[in-house]
Amino acid sequence: MADRYILAVESSCDETSVAVLKNEKDLLSNIIASQVESHKRFGGVVPEVASRHHVEVVTLCIKDALSEAGIVAEQLDAVAVTYGPGLVGALLVGMAAAKAFAWAHGLPLIPVNHMAGHLMAAREVQELEYPLLALLVSGGHTELVYVSEPGNYKIVGETRDDAVGEAYDKVGRVMGLTYPAGREIDELAHKGKDVYDFPRAMIKEDHLEFSFSGLKSAFINLHHNAEQKGEVLVTEDLCASFQAAVLDILLAKTKKALERYPVKTLVVAGGVAANQGLRERLAEEITDVDVVIPPLRLCGDNAGMIALAAAIECDKKHFADLDLNAKPSLAFAGFEE
C-alpha cells in the first residue's frame, strides 16, 4: 500500500505552523514560527499583529515543511487546515494559504477543529483506546471531552468564564511576569509554599463545569491590597498558592468525570498540559486509568497535532469545499460542513 502524505496548516492564534504527516502518525516535519516576542510588550496577543505575522511567514513555512520532510508537493495526498476556533483574522490567513495550495495542486481539503488537534496530539504517544475522556486545558479553553470513537467528540464539562491558561496569564501580568506567564508561574510555584487561601470554585458541586474568575479576582485583590498597604508578598508562595488552587479544581472535576464516564484512557492536552505541576498531580492522583499526555513539543499550538487529527478525518473522507469559511467560535463536535 502506498504511503499517504498530509500537509497541515495551523494559524489560529499567534503561531504559524506547517507540518507533514506520513501515514497515520509519522510526523516528518513540524515547522513553528512563533510570535511570542512580538506580543510580549502588549502582555497578550494582538489579533491584527498576529494576522500580519501569519501573512509574512506562512508561505515560507510551507516550503520549509516540505523541505524538512524530504518530499515535494506532487507526493501529497491532502491538505489539512485549522478552521476554528481561534482569532478570525489569523484563521483566515492559514485557510487562504491552505486552500490556495490545495487548489493549485488538485488536493482535497481537510477541515480540522483546533481543539481536536490538541486532543489527537496524544496519538503520537500511543494508539488511543476508545471510548476515552480528555481534559483540554489551554489559553482559550478548559473543557472535559468524551470521545466515543475517533472523530466523535462531546463536551461534558467546560469553564463558565476564564480558561485556565488565561487565568495564568492575567495573574502573571499582575505580578509583572513576562507573557506568556504559565511556565514561569509553574517554576516559581515549585519553589514556594501554599500559604495563601484562594477559592476553589464549585469544587464540591456535582456538575463538571469549571470557574476560574473568582480565583483570579481573589489573587488580584490580595496583590493590590498588599501593594496599597506596603506589604511584601513572596512571589514564589503566591505562585504556589495560585497553582495549588488551579490544580485542585482541575483534578476534582476530572475525577468526577472519570466516575461518570468509565473509560480506560484519560488524555490531557493543550498548552497548559506542559505544566509540570499538573503532570505531577496527575501521576500521583489518577492511577486507575491510562493517562496520556502529548510530548512538550506538541502541547502548544502546532500543525503536527492538526495533521494527526486530520489523518482520522481523511480516513473517514471528511473533506471540505474550497468555500470553507473560518469559524472563530467553532463548537467542539464532529465534522462540520
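For all residues, glycine too, the Cβ spot is worked out from N, Cα and C.
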If Swiss-Prot says His114, His118 bind Fe cation, which of Asp290, Asp301, Asp315 does it name for the same site? Asp301
According to Swiss-Prot, which candidate in Asn23, Asn30, Asn275 joins Leu136, Val137, Ser138, Gly139, Gly140, Asp169, Gly182, Asp186 at the substrate site: Asn275
Reported as an integer number of Å, what is the Cα distance between Asp301 (Fe cation binding site) and Asn275 (substrate binding site)? 15
Which are the residues of the chain, His114, His118, Asp301 excluded, whose CB is within 8 A of where the CB atoms of the Fe cation site average out, their centroid? Glu10, Ser12, Cys13, Thr82, Met115, Gly117, Ser138, Gly270, Asn302, Met305, Ile306
When you measure from the Cβ of Gly182 (substrate binding site), how many other Cβ atoms are you left with inside 10 Å? 23
Max CA-CA distance, Å, over listed substrate-binding residues Leu136, Val137, Ser138, Gly139, Gly140, Asp169, Gly182, Asp186, Asn275: 18
